[in-house]
Amino acid sequence: MSGTGSSKKGLRGSRLMSALSLLILLSGCGDASWNSPYPATDAVSQTVYSSFDERPKHLDPARSYSVNENVFLAQIYEPPLQYHFLLRPYRLTPLSAVEVPVPSYFDAAGNPLPADAPASEIARSDYLIRIQPGIRFQPHPAFAVDAEGRHRYHALSPSDLTGINRLADFPETGSRELTAEDFVYQIKRLAAPWTHSPIAGLMQQHIRGFQALAEQLATAAGQAPLEQIATLRASSLEGVEALDRYSFRISLTGKYPQFAYWLAMPFFAPMPWEAEVFYAQPGMAERNITLDWYPVGTGPFMLSENNPNLRMVLTRNPHFHGETYPTEGMPGDRESGILDDAGKPLPLIDHAIYSLEKESIPRWNKFLQGYYDSSGISSDAFDQAIQIDSQGEPILTEAMREQGISLLTSVEPSIFYLGFNMLDPVIGGDSPRARLLRRAISIAVDFEEFISIFANGRGLVAQSPIPPGIFGHREGESGINPFVYEWRQGHAVRRSLDEARVLMEQAGYPGGMDRETGRALTINYEAVATGPDDRARLNWIRKQFAKLGIELVIRSTDYNRFQDKLRNGTGQVFMFGWNADYPDPENFLFLLYGPHGKVKYQGENAANYANPEFDRLFDEMKFMEDGPERQAILDRLVEIARTDAPWIWGFHPKAFSLHHQWMHNAHPNQMANNTLKYRRIDPALREQLRHDWNRPILWPLWAGAGLLVLLIVPAWWLVRRRERSTAL
Amino acid sequence: MTAYILRRLLYAVPILIGVNLLTFVLFFVVNSPDDMARMHLGEKRVTEEAVQGWKAAHGYDRPLLYNAEASGMARLTETIFFEKSARLFAFQFGSSDDGRDIGYDISQRMWPSLAIAVPVLLVGLAFNISYALFIVFFRATYVDIGSVVLLVAMLSISSLFYIIGGQFLLSKVFHLAPISGYDTGLHAWKFLILPVIVGVIGGIGAGTRWYRTLFLEEVGKDYVRTARAKGLSERLVLFRHVLGNALIPILTGVVVVLPLLFMGSLITESFFGIPGLGSYTIDAISNQDFAIVRAMVFLGAVLYILGLILTDISYTLVDPRVRLQ
């Protein structure tokens, strides 16, 4: 009886387990594919799925200065200007402003000057910025008010915060109209020492009264956060003034035409004082409810979930003002379909979900399964995705084309270069000997090979510091660096090693031997090497120098020490890079400007290059409008730099991105980060294809179960037999 | 036993101070407060003034270990070491250098780590012990030899291979589970299947080999022969007597890792996109966030000491001969 009873119980138990398992399977899967990482209910929503691999550190627009943070910030905050989505060269257009401001110039006596006045006469530049009326901030508890109009959450006690752990835990939200004061307040925040804005140092050189305000606010650095905000609101900034509800003026010292580009960065996005007061209340920081974590903007999206250890979710801002899809593009844009949505209200999607993917393999596989709409291409996956056609152009592989994936490429406004420390007595300086040595090395270091081996061909050899797409860059024969290349049959061809060896001989290093000392020339290469993958790259660099008989000593170190060496000028040769802040040649050539020398002035000129003529022409060029005159000066600047060769110009990286067929309006724009609002998807097609591509294959489950039975039954039989067997 | 536990807890204090000091020294040998400031302020256009401002705001403008300008005890207390470490002993982890509350982050991230680590431990333990007993049952036969060969092969394979292979087969080829991701509550189960299967399979080689060795040592002892002589079945001998007596070394291995399950696994969590504690310390090291590094090392040391004490206590439970004094 007991045996029957226990078997019945066992049967009941196993049935219960089976039913539970089935229930879990059904509840979890629904109509979605088994390997779908998303709930089935999201399948047909207007949602873009993407990934990120590094947690954003700052989401406060006054502090953030990183590309991976801009991916989110640019969708949430709206500075006065933006880059046109389609037009090239890159062009500023209004975002929250009514129009792109044209600066007014004044002399030292305050008299107006014409637009073409010499920069030396201009003592002040005024930018009058008029903003669009009717723009409203996203719904946020900081704006919630009670029946009497008092802010609902601006005087919270610790007990009020019981049970509050996220911004979404506040039941009420509100909004208000954007005003000019919000811009003024944000610019004052840039000056506040407690904000730690990375551009404070730069802006104090340009915005009138900025430094004075920073010094005044420094006395308030020890105050409680709410007192600091009160001090900041009460203080005034000489060079920034709200003229009325919808316009404000920024006054600069002298002329600084590049300032307009800064107005397209989140640093100059409006900040409501209510948000700062809300977040500064006692108990908020302890709950991680801070402005650096929960942005408050007027943009097309708002950050509805911020869990950077798992996912970030952007949701359409219900108060977004009526921006529309551009109607103007480049020739061929209409035919390509990128203007199909011209004039439609933005944004074209409701949500964007960014999942944390630290490893490239799962990220790539999820893209192929259709769970990410777009993807970059890691080195591991490059051969799977890209092949080179007979013209030497990258095209998609057959497998990618069959999946309907499209490829977009564009040259990034960046440069990676091999810098010579110009303060070094051997490799640096302006002596003919050192210059010839640098030119010889420039020929020997074959960056075409570097790009091919280490970047899968995703790069363009640089002929000067100015990348393609930036004013001043020249294509073709007139654009080559004649010290390293020659023009043959319509192509730039690297000069031969024999020519480099001749230069070495002229420099006094025949065969790499120093004629004066009789010893082999030894040069130190400063490297940041973190793993075995770097070894191949370092070996490659060593071989390039060895072509000329130069012994290259690799001095690997961590990034901190590497930076120390650059700051102290103790290195000789190093590889470094720069990503443009804005599309102007000034933003690249200032890397060679003497007064920006790293050692003397802690600037961005890591090679410590200084040439008086270059510096003089740079000072002239940076104030000029684009045109033939500016081009002529740029040509001369590039020529001087090529002659002195403080860098081996390296390469400009190429960005490759893949997009599924249901993703529309993907268009490379290397300057604009706020392009999510233009994206459109076809969720029905996506769901259909995801379903087709991810049908669960069940036979392995049955095979596994069968194998288990095949193993257990004989094992059980063996055990029984052994137990029943006699000793002899 | 209470006196013993109290004594062990008191021993832990100097150990924790030592661990803290060592962490502090190692961290600041590699990263100076200036480096930390530059890392947090960004790569571009960082001025010396901004660096000094950041250090002052975050309390890194003081001497590291000894303040020669102060007097009395302040020479030791008005230092970065004291100010950043003293509160740890009250389990106040404070804020990370970018302003996040560390205690809150740990409390949020430990659950996903546990959601993988606990099933892997329990299922792995059950499977490995059963399989080891099965092998011991058939010791010195082809089953034993074949299993040992299989186990040695399995433990020779890198855990990364199991992860990538598991993702390739189960998710990419057969479409049976998500490659990576996570969700909260009951929705998390489908994201846990693959890492748990991979974790269990990846641990079979080393685990079963270890238990097999333990059981083989026990199975040759006199009491086992006595049990057999009394007519007990081999299954009873193995599961009741051999397993019972082999529990001390098993417990040593298991109980000591129990508290560390909170800390998660870096590789598993990175590949499967699990938002656990596995990468918390590594990310903090690469971001030069000393606040998180010191908190996590301190927590790891506390948990390890706790694990050792629990192991000692567990001995008294499985072996009546053991007394803690």
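Along the chain as shown, residues are numbered 1 onward.
Keep in mind that glycine also has a Cβ here, set from the backbone N, Cα and C atoms.
TrEMBL labels come from automatic prediction, so no person has curated them.
Summarising the annotation, TrEMBL assigns domain 'ABC transmembrane type-1' to B:110-314.
Residues or ranges marked as transmembrane segment by TrEMBL: B:9-30 (among others).
Residues or ranges marked as transmembrane segment in TrEMBL: B:114-138 (among others).
Sequence-distant neighbours of the transmembrane segment (B:145-169) (same chain, 6+ residues past either end, Cβ-Cβ under 8 Å): 131, 135, 179-180, 194-195, 197-198, 201-202, 204-206, 208-209, 212, 267-268, 271-272. What TrEMBL records for B:145-169 (among others) is transmembrane segment.
Using a Cβ-Cβ cut-off under 8 Å and counting only residues 6 or more beyond its ends in the same chain, the transmembrane segment (B:189-211) has close neighbours at 115-116, 119-120, 123-125, 127-129, 131-133, 135, 147-148, 150-157, 159, 162-163, 166-167, 170-171, 177-183, 246, 250, 253, 265, 268, 272-274. Annotation comment: TrEMBL describes B:189-211 (among others) as transmembrane segment.
For B:242-262 (among others), the entry in TrEMBL reads transmembrane segment.
Cβ atoms under 8 Å from those of the transmembrane segment (B:295-318) belong to residues 1, 4-5, 8-9, 12, 15-16, 19-20, 23, 88, 93-94, 102, 106, 244, 247-248, 251-252, 255-260, 262-263, 277, 280-281, 284, 324 of the same chain, restricted to positions at least 6 beyond its ends. According to TrEMBL, the transmembrane segment annotation covers B:295-318 (among others).
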For the transmembrane segment (B:9-30), sequence-distant contacts whose Cβ falls under 8 Å of one of its Cβ atoms, 6 or more beyond its ends: 64-65, 80-81, 84-85, 88-89, 290, 293-294, 297-298, 301-302, 305, 309
